[in-house]
Amino acid sequence: MTTAWMFKCRIVSICIVWYICSSVQSIVNKMILQHYNYPITVAIANQVLIPVLAIPFLRAWHVKEARLSKSQYRRYLLPIAVGRAIASSSAAFSLSLMPVSYQQTVKALMPLFAVVMGRCLLHERQTTLVYLSLLPIVMGVLVATVTEISFSLTGLIAALVSTATYSLLNILVKKLLKQADIHPVRLLAMTSQACAVVLFPVWLVKDAVPMAADIMSTSGSSVSSPSLHLLFLLLCSSVCSFGQNVCAFSLIHMLTALSYAVTNATKRITVIVASLLTLHNPVTGSNMAGMMLAVCGVFCYNQAKQYQKEHVVEKMSEGDDVSSPFLSGRSGRSLQLPITRSHTTLSDATLVAMDSGSSADVMYWATKKSNGVGGGSRLATVISSSNNRSPTFVLGSGNGLSIRNKNNVVS
C-alpha cells in the first residue's frame, strides 16, 4: 500500500471514530437528561475526566509541561475556565429541553457569533461574500425553529448562550496559544480541570442535594441500579467527549481548512441523523430542510473564508518584498506561510474561529509535495523560491513552524 493510500485510510479512520464519538456523546447525554434531570452533573463529569484521559496521550506524544505566567493565568486561563463552565452547563441545560437535532442546528449559528465578536472585539472586517454566506445559516435556523415540534424558548436561549460563549472562548484560546508555549491538548486538560473547580460549588447546590435525596428516597435493591446506570452513561459520555477532541485535533493538523470544514459539516449531519434514528424525536419535512440549510450554510461560510484568505495572500504578494523570509512559489510572488500554532476551539471539538484580515495569519494551507517533504501535511513542508534565496529548512511541530534562510530567522 502506498503512502498516499495509507494517509487516506488514516483520515477516513479518524473521521469514522470522530463521527461515532460525537454521535454517541450527544445521544448518551440526551438519554441521561431524559431519565435524570441533572444537567450540571453531565457538564462537570466531562470536565473531570478529560484531564485524566489526557495523561496517556500527553505521555505518548512526549508533550512537555506547560509554563504559563501569572498574567496568562489571570487574563486567559481563568476566563476560559469560567466561560467553559457557563457554556457547558448551558449546553447541557438546553439539551434537557430540546432534541439533539435542534440543538445541533442552533450550534450552526457559531460562525455568526464569531463574525460579530471578531468585528466588535478584534475590529476584523469581512468580505461581502462572508457576510452573505451567513444568510443561509440564519434562514436555516429560523426555519428549523418555526417548524420545531418540541420548541422551548428557555432551551433556545440556553443554546444561544452556550454557542455565543464558545465563540468568545475561541478568541481567548487563539490568543493564549499564540502567546504561550503550550500544546492544545494540554491546554484542553488544564482548562477542563479549572472548569470542574468552577462548576463544583454549583453542582453541590443544584444537583448533589437532589441526587442524594433521590437515592435516599429509593428503597430496596433498586437503590444501586439507577445510580450505577447513571455512572456508566456519564463515563461513556466523558470518554466520547475526549475522543472527539483528540480526533478533531488530529484532523486539524492533517487537513486543509476547507477539507476540515467539509468533515465538520458532515459530522453535524451525522449527529442529527443518528439522533433522529435513535431517539425517534418527531420532525417535519420543513424542520429537516431548515436543519440541512443551516449546516450547508456553515460549509458556504467556510468556503467564503477560504476565498477571503486567498484574496488576502493575493494582495500581499503584489508587494513581493525580496528581504522577506516568506519566499515565493509561482511567478516570483511571495506566499504567506502557516507559521502559527494550530487553533483548537475546545468547544465540542469544532473549528470555527479562523483568522481573517490583513493582520492575521493565513492558517492551515495544505502544501503540495515539494523536494520530497510535506506531501499534503500541514506539519512539514519545503518552500521553494524563484529569487535564488532558498531557505535551508522548514520544520513543523505542534508549537508552530521554524523557517530559516541566510538573512532571516522566523520561529
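The backbone N, Cα and C atoms fix where each Cβ goes, and this holds for glycine too.
Any TrEMBL annotation is an automated prediction that lacks curation.
Record features (TrEMBL):
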| type | residues | note |
| --- | --- | --- |
| DOMAIN | 10-302 | domain 'Sugar phosphate transporter' |
| TRANSMEM | 36-55 | transmembrane segment |
| TRANSMEM | 76-98 | transmembrane segment |
| TRANSMEM | 104-122 | transmembrane segment |
| TRANSMEM | 129-147 | transmembrane segment |
| TRANSMEM | 153-173 | transmembrane segment |
| TRANSMEM | 185-204 | transmembrane segment |
| TRANSMEM | 230-252 | transmembrane segment |
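When Cβ-Cβ distances under 8 Å to the transmembrane segment (153-173) are tallied for each of 36-55, 104-122, 129-147, 185-204, the top count falls to 104-122. The transmembrane segment (129-147) makes no contact with the transmembrane segment (185-204), as judged by fewer than three Cβ pairs under 8 Å among residues 6 or more apart in sequence. Contact between the transmembrane segment (76-98) and the transmembrane segment (185-204) holds: at least three of their C-beta pairs are under 8 Å, each pair 6 or more apart in sequence.
Counting same-chain residues at least six beyond the ends of the transmembrane segment (36-55), those with a Cβ under 8 angstroms from any Cβ of the stretch are 29, 84-85, 88-89, 91-93, 95-96, 185-186, 188-190, 192-193, 195-196, 199-200, 202-203, 206-207, 210-211, 226, 230, 234-235, 237-239, 241-242, 245. Per-residue pLDDT, averaged along the domain 'Sugar phosphate transporter' (10-302), amounts to 89 for this model.
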